[in-house]
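Here the structure is laid out as structure tokens; the discussion comes afterwards.
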């Protein structure tokens, strides 16, 4: 050992002792307590070391080799570093032991001179001890027996140990047996005593020790405390003896101390690993095991080759001896190898063409074990595949980006691409090459050599050559042959031709063209994306063909032998007209045909040479160079102009089917020409006299038809038919309607149209369609419904359907769908007979949602005492529910109730994160969740538990001195708030505050200690106590406290009033400052800070552990823009002080962060509604809100990728507004139609803006309001509303229908109703309205996006109708001959009240006469009438009704005339008046008499007229002489009893006191008698004159014959006759006779035509008729018909 003093001498002595004694040399190093024992063979080393010194072992480890075990001395240099060298010394001890033969115990003597030397000691056993030994002591020592002393007994055998204990080495925890066999005289008793290192072993003190009678010592459960030298001492009278043996307890070795790893400076890929050799477990070490952990991965044995990865490497070293391997290996600090370029390429490189000039390339990062450092980005290298061209590079500087859109590429070109990752050390290897084509483009050149020529009159032949393949830019899908007329470029006839790759010249034909029409012809080539450019148009004309039928064939100037035929050019000339061909022939006699050819300009021709009254067929046809065209023909009778036909009759219906019926009929009058067409009209659905008739069928060119089949009817629809017949003149009146029939049922013919599918929510889709019109139900409307079928678009399995039974339903929400999944939906109509066809399928995707589960394969590894590495896998595809935008790691201390914290990782490429800033030695509960654009998904399950590594602890807390004396103190404390590991011990150091730290007293306590008493202190002194905790990592930070050794302690005084400087006020924190008060000779241990929120909150403790040395403190976690007060108290060992005075009110600042997140409640077309924000979450004064919106674009419906990166459309647009009561944001005006928008909402205050809400999606594109809304009043209960569609540029898609809102004026909330109309309706009849009421009507269009805005309300009023009955009918002032009647206005006037009609009549005849009186009251007022001249005692029936345009219902009541109750009435006879009354209530006493009072009607004073009228009398007669003549009087009656006068009766009706004279004395009677006599005289004279004239005319009539009739007028037919032929009444109506008057009067050219006839020329009659019977002379009377044939001489053909 080079460190020992005088090593040379020591070696010499060692060799001497080995040579001479072959025993043991013991070297004791004082102060180090190391014992190195050298034995001859083998050599072993045992090192026992105090902590103040270090024993180091160094080894050089090459990285190119991996050894699982290391030999003890392999590349190991041992050194002993001495702490205090000066105190070391070497003590040499020579022990000479004699082993004499087994003799009885004798005294052993040594030379006296030698024994008396100070260094020589004679032991009890007779051995001589020389200590210390010198070289001068070398020599021969002799021992001889001494002479026995007198009295010493002699025994036969000396007591001695014959089987001594031997050195043993046992494993810790096993049993050790130390034998001590003794030979002794049997008569001698032996006593065994075992000693360990000089101390007696008491076996009774431990159950582990046992001593057998034979002296054997048993030790069980051995441990390190049993190690030592055991001596067996035997004592007896026969001698004493002792023997010693060493017990060694072996155990597992300790881990090497202070392992350290460092990069080698010599070799590039090498690590120097050093450590200090630790305790070997009392057994030589066999080998070391070196383990390694990369990035906190599980420990693995180091292999022979260390990969050149940039990674954090941690080593740990384990020692192994013969007992086993140490399990508590220590690890090195984390070591990072230098970065190197990535050793692996990016993974999963794929490419896909996006457009014809772009390719999307995607990849995954290299494996983390091959990244060799933090990635800095990627290099994309791409070039044309297979061509020797330079490659282009793209540098991506974002390591989290894993895709790139390569743009500006060549159309339809194959590219090869590679991707490499790079870090700070350089670029890694490129991935394998992937190839991809850009998508096809459209051809850039048209086909060449285009030639076009007419093939026939409707076909064009084209030839062309294909464009060069390099200009097709894709796969040639074929050619499109286009033809259009000049000026009609939008109406293009197109024919598609498949490509012909064999022939260089392509041929195609365009058919279906118009004949002899000029066209432009062009050809284009097309690929899948679209059409290429057209070739230059060729102008040509199709060939001529035969023309169509001429138009408007008509006949005029019809004479007996001639007529004029007129026509117009054919609608389809099909060429150049060269002329016309006209021919005529007698009906059904082709041999009489006459044909003429006319020039092309002639459009009329006079046909002559006809036979009178003969039916001819006339045909006209146009002609071109290709020949004669289609014939137009008609029949006509010569001399008989055609007339309007009559209607068919006798219509019968049979063979009723779902879509057809058969009609049988009898033709009507043909109008003297053939019937060219039969027309069938019908009322459909609604049958009524005023309903509309619609043409449903026509049958042309069948003049002899007697039945026809009407096709294309609607199933299950009511019909009523009527017919018309058409000839050359026109159309007949309609026939009588047929009976009402209903067609049979049939399945629906059509599917619902305009089917649209929109996203409703994360799990639902909103389907809309236009319902079938009623005429398309084809069955009972109660059974009509719809079937919705939907399935995932990618999978046709699992098709689901839903039946909707409401025939008027136009929308359906499909629920319970998967999130973010595309579906295919279609709809069909159903009725009671079956299902209709399916609609075209529509696709839609459910809205993006949050992931429904967390990532898989979550793991966590602690890397340091404050960081954990978390890794995870992908979220399952079916649970992503959207586009994963990133991940969040959720972690929290498992042992606390704290709120979980989040660590966000943006992007979907990184699946690991290092959580830093964690608590030390804290068990964390860790989960990972994924989030989409909508929000956070579910966290992973189960939670991962991981504890951070330990570290040195924090300071202990809660130090108090509950007991303080003048000479001692007792200290208590609590464990550190941050133990950072397992506390192993506490160390307390105390000293006087004025002394040096070297004079401190140090004590180490157990980890369970919580108090400590320090004594021996000086009174009235200040001491400093420092308390430190220890973990496995070492001693931590010390907590320091002062204490005064005095008994005069008190509580501290309160601190000063806290102050808060304004500059220290923040939104969520303030800084308090105070001045400490007196500590009461006991130092303050801590402060407590409380706060309260103004105005009414209680005090709350913010912190009860503010440092005792602090005079300021930051109070955090406050609410922004809130007023607070604060107070402070101090605490020392005695107790708490009083709280300080409250601080002044302090208001925190406003904060723009953490404002409440708004929630959208409604959003339609960006008209956003949201709830009112809570004031306590605004963090200030609410200034307004911001609505951010952006258009969501989708590349393709199937991929549905949201382009939010590097897309201009992803930029957010903002709307900023002030808060209002409605909390509604009006939509912006710059939105695009038919686009989906994402909306987010936030609020802001003066400082900033709060978080945005969860996004909502809306579809923009409602239709604009309809235009030109007009209202026409049809009836009193119906309004006809019509409107025009919105302009095309504002319809925003296909309008599905309209909603009509109508309500009574100023009663919208109470009376608003809705009607829904579907296309193509542009009008509605609103029925069941109230008459003469003003209605407001508004119309809104709706499309797939929703309802558009309403049109401005339009006012309309229904027509007047009959009013309702008057509300009441009352009677008053009833007398025997009159009554006052009043009534109320009608409840519903339904118009302007023009008056009332009152009708009254007696219920029973009066005097045998029942007189009905009708009175019309004009105007709406008055509402009463006085009815007089009634009969007494008769019951009358009164009826009254109101009138507007017509009278309404009446109200009636009966009343019986007579005196009213208690009211007198008067009857008059000549010059006397009689008053009648009835008795009233007599009161308290009987009536004794009556009094009659009277007064003039124009005065107000009553005078007694008659005083005493007996009580039995109820009438009294007055003489008019008692009254003044000509004055009108009122009368009343008063009853009198013993108590006095009673109440008077009601006044009687007024009556005049005028005397009535007999009627025959009146002057008017004499005048009437005179007039009657005069009239009688005049009548007599008139009769005489008439009689004389009649006799004169009778004589002349007997001798006069009328030679001719000079008709001044002739009544031909009465107005309203249905025929121009009259029926002879005498012939019973069997023969129709031709009216020549009508025949010649109808044409002025025939006037006086008989005058121009040549003599001797006879003409056949134009029409045959039967000779009428002889005329019977009868006087002419107006209204009778005269037969001209009966009045004219024979041979006259006409007359005027």
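Keep in mind that glycine also has a Cβ here, set from the backbone N, Cα and C atoms.
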Using TrEMBL as the reference, determine which range in 1539-1562, 1563-1586, 1587-1610, 1611-1634 is annotated transmembrane segment.
-> 1563-1586
Range annotated as region 'Disordered' in TrEMBL, from 263-284, 285-306, 307-328, 329-350 | 329-350
Averaging pLDDT over all residues of the domain 'Fibronectin type-III' (647-746) gives 90
Of the residues in the domain 'Fibronectin type-III' (446-545), how many are helix, strand and coil by DSSP?
-> 4 helix, 47 strand, 49 coil
Stretch contact, the domain 'Fibronectin type-III' (1265-1361) with the domain 'Fibronectin type-III' (647-746), Cβ-Cβ under 8 Å, 3+ pairs = no
In the domain 'Fibronectin type-III' (1461-1555), how many residues does DSSP assign to helix, to strand and to coil?
-> 3 helix, 47 strand, 45 coil
Summary of DSSP states over the domain 'Fibronectin type-III' (955-1049), given as helix, strand and coil counts = 3 helix, 49 strand, 43 coil
